[in-house]
Amino acid sequence: MEEWVEKYRPKSLNDVAGHNKTKQALIEWIESIIGGQNQKPILLAGPPGSGKTTLAYAIANDYAFDVIELNASDKRNKDVISQVVGTAATSKSLTGRRTLIVLDEVDGLSGNDDRGGVAEIIKVLKTAENPVILTANDVYKPALMTLRNSVNLINVGSVHTNSIPPVLRRIALKEGFEIDEKIIKMIASHSGGDLRAAINDLQSLATGGSIEIEDAKELPDRDSEKSIFDAMRIIMKTTHYDIATSATRDVKEDIGTIEEWISENLPKEYLKYKDLAEGYDYLSKSDVFLGRVYRRQYFGLWRYASALMTAGTALAKEEKYRGFTRYGPPAIFTKLSRTKGSRQKMKDILKKIALKTHTSTKRARNTVDYLTVIFESNAEVSAELVEYYELTKDEIEFLTNKTITKKILSVIAGKKPKVKKETPKKTEKPKEVMPIIPKRPRISEPPKEPLKEVIEETLEKSVEKADTKEEKKKDPKKQATLDSFF
């Protein structure tokens, strides 16, 4: 199947979405060269999918130039550049037309296969008679420092998100299928300004049959994942060792995730059984080294795992596969995200069982299998186990089904004694009781004696006292006895 990116690549600058200032600068540059003026080559710098290569081909088509291109999947060392680019830079094509040389992704020149490539490019640019356009994602790499002095730099920004939907609508119309406007906007928003990625996503959805909103929601966010997609494209398409190993250099994903991506997309790209078998053989060897890294904690083996999974799988094919390939994230990641809720519920059940049985959650998993069988066969025993492990209704349903859950819960409900609710008696409002103040007891008065008797008794006592005093005066030497006191 032909790639829609190539099939619907704009043939003219008028068809290129956005980049008005860049298009005007290219027109002035090419017209001055046609007019006989000497101009430095152009270096278009910008993020992947911004339209750098498309602009180069569009300007060539508008002014009837043939194109010779070298890109990241080609070997670009000193000899190749000298033979291909050097010759084309100073000669006309077989049709008699002038030639535009396009050196794509020059910031990807690295390793032994591209040794001396940058230096040879600078040498060719100095003597080139035909126009040269170079493209780069990261123009500020140290290796391109000397090259920047030999070119005119034009920065190409990302395509605005609002410019992407019209392009997608036009492609859908030409391909003869209808697509919801919401889906088009979702594709555009997920692209992160990468028009090429948006077109690839549209083709991926279209090849899957009917395009649904749910499918569009699963599209990757290109702002964070575009590096891994670029890496997949390079690894699957190239047949050069250094190009393949450098493909994952700037990828933000860890090595284990990259391995999963390669494993998922290998059968999509390698259609020959021999190539596929060779590719998986190298991938399995890479997995062996990764296992040794994790077990021994010796990260020096990491480079062997990386080389086997990238260069090994890239060199496993006999030749490059042409055409469009629908790359996608590993299915295991999608499955894990969908089963996150059920896996969490199982963890909660295992924790409860492990707590009651004094074992680990790993050993508790064996108990779950027995519980499922018991739940389906004996409701009474199941009820006791549910109470013992303190399982909730949702957890029982997770292990069995709703019908069995109802039976177990009904048994539990029947075991519990029904407590009659006593209606509280109406209490009458207590009457107000006045406090009783005890009466103070009366002090009884002594009976009153007659006045005459009192006087007589008083006189007798006074006479007796007087007699006693007289007796004491008469006999002072008389010894005092007790009788005298009475």
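Quick reminder: no glycine exception, Cβ is built from N, Cα and C everywhere.
Note that this is a predicted model, so its numbers are computed, not measured.
Listed in Swiss-Prot for this protein:
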BINDING   Gly46, Pro47, Pro48, Gly49, Ser50, Gly51, Lys52, Thr53  ATP binding site
REGION    419-486  region 'Disordered'
COMPBIAS  420-432  compositional bias 'Basic and acidic residues'
COMPBIAS  442-480  compositional bias 'Basic and acidic residues'
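Structural mapping of features recorded in Swiss-Prot.
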residue : record           : Cβ within 10 Å
Gly46   : ATP binding site : 23
Pro47   : ATP binding site : 17
Pro48   : ATP binding site : 19
Gly49   : ATP binding site : 26
Ser50   : ATP binding site : 25
Gly51   : ATP binding site : 26
Lys52   : ATP binding site : 25
Thr53   : ATP binding site : 21
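In the three-state DSSP scheme, Ser50 (ATP binding site) falls into the coil class. Using the Cβ center of Gly46, Pro47, Pro48, Gly49, Ser50, Gly51, Lys52, Thr53 for ATP, the list of other same-chain residues with Cβ within 8 Å runs, in sequence order, Leu44, Thr135, Asn137, Val156, Ser158, Asp194, Arg196.
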